[in-house]
Each structure stands twice: as structure tokens, then as C-alpha cells.
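Please read the structure below before turning to the comments.
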Amino acid sequence: MTLSFFDQFISPMFLGIPLMALAIMIPWIMFPTPSSRWMNNRMLTLQNWFINLFTKQLLLPLNTTGHKWALIFASLMIFLISLNMLGLLPYTFTPTTQLSLNMGLAVPLWLATVIIGMRNQPTHSLGHLLPEGTPVPLIPVLIVIETISLFIRPIALGVRLTANLTAGHLLIQLIATAAFVLMPLMPTVALLTTILLFLLTLLEVAVAMIQAYVFVLLLSLYLQENV
């Protein structure tokens, strides 16, 4: 029976039990736990250096109020990178290729930034819906357009992450299938295809990290508008 290329994105099941929760929890088991040896533990030192560097760069444009989100952003960044990177290994599943999971992360966090803005500075937050100096006849139209763009933000967050990872996995599978089919027919072309597959895999590793960073970066920009 010929399987579809999209079958790799089906949520895994074992004896009728969904394994999505297990796929999400496994990355946390792999993280090193803090200990009294953190000063001479290379893995913990590298992890702390990465978290400090990322948090510093991410929170640089935010004021002191936005620094309260440092733990949430750092945890989300590590979580997304872990899921994206582990999904590139053979016989694994990438939960972030599921739009439902990405929307479940994007909508509550985006809504939290909006609620914070409406609660702390409602005038400033509502002012984003109408640019300064707008001609009077365009005011109703611009308010509707800006409101629609505000509600599209979480959809764009979830769809961007899902589309980039899904496209990358599909492209890897297509090229791998082509290399497998061409191996007995045209070994030279199959070798070139395999080299292309290796380069594409390296690109997907970069995409897995960049998309996690972009997801958290856009959330920090939304937060910056509301604090």
C-alpha cells in the first residue's frame, strides 16, 4: 500500500492511545537538571550561557515591566527548539507540525499581551488602531483594518511555524525518496541528490532554530506594544 507524504504528520498512536503528550514531554527529560556542580558542568554552563544571551537580546527593547516575561519566553524558546530539532531525527514525530498545538501556544500568549495592554494603558493600546494624522473619511476603514490585523496576529504566528516545518519535512522526504529510487538507475545522479539532501538537512536544522526564535521574537514585539 502506497502511503501519502502527509502521513508523517499524523499524530502517532499506540494501541489506540495518542502519543502526542509523550512526544511533547520527552524533550524536557533530556534537559540537564541544576545541581551543585553547575560551575564545572559543561552542559549546564553552555545551557546557562545560551539562555542568558537569548534573554538579554530578546528583552533589550522592553522596559522593566516586560522583563517579567523572561522566564516564559526563555522556556518557550527552549521548548520549541527541542521539539523542532528532535523532529528531524529518524523515527520521530514533530508536534510543532500540528497547527492545533501551535495555535494553542500562540493564541493564549498573544491574548495575554493584549489584556495587559488594555488593563495597564488602554488609551495607548487602542491608539494603535488609528494612526496619527489619519484623514477623517478614512478613520472607520482604518479602524476595521487595524482590528482585523490585530486578530490575525495569532493565526500568523501558528501558521508560520506550521508551514515552515511542514514544508521542510516534505522537501526532505521528497528528495530522500528521489535518491532512493535513482540509486539503482543512475548512481551518479543519486549521489548528487544525496549531497543535496545533506545540505537541505543542515538548512532544516537552521530553520528549526530560527522559527522558534522568530515565534518568541514576535511575541516580544507584541508585548512591547502593550507595556
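Any Cβ shown, glycine's included, is placed from N, Cα and C.
Bear in mind that TrEMBL entries carry predicted annotations, made automatically and left uncurated.
Some features that TrEMBL has for this protein:
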- 12-31: transmembrane segment (TRANSMEM)
- 69-89: transmembrane segment (TRANSMEM)
- 101-118: transmembrane segment (TRANSMEM)
- 138-159: transmembrane segment (TRANSMEM)
- 171-199: transmembrane segment (TRANSMEM)
- 205-223: transmembrane segment (TRANSMEM)
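Count of Cβ pairs under 8 Å against the transmembrane segment (69-89): among 101-118, 138-159, 171-199, 205-223, the largest is for 205-223. Within the chain carrying the transmembrane segment (205-223), a Cβ under 8 angstroms from the stretch's Cβ atoms is held by residues 54, 58-59, 61-62, 66, 69, 73, 76-77, 80-81, 84-85, 87-88, 105-106, 109-110, 113-114, 116, 153, 157, 160-161, 164-165, 168, all 6 or more beyond its ends. For the transmembrane segment (101-118), the list of distant contacts is 20, 24, 72, 76, 95, 124-126, 150, 153-155, 157-159, 161-162, 215, 219, 222-223, 225-227: same-chain residues at least six beyond its ends, Cβ to Cβ under 8 Å.
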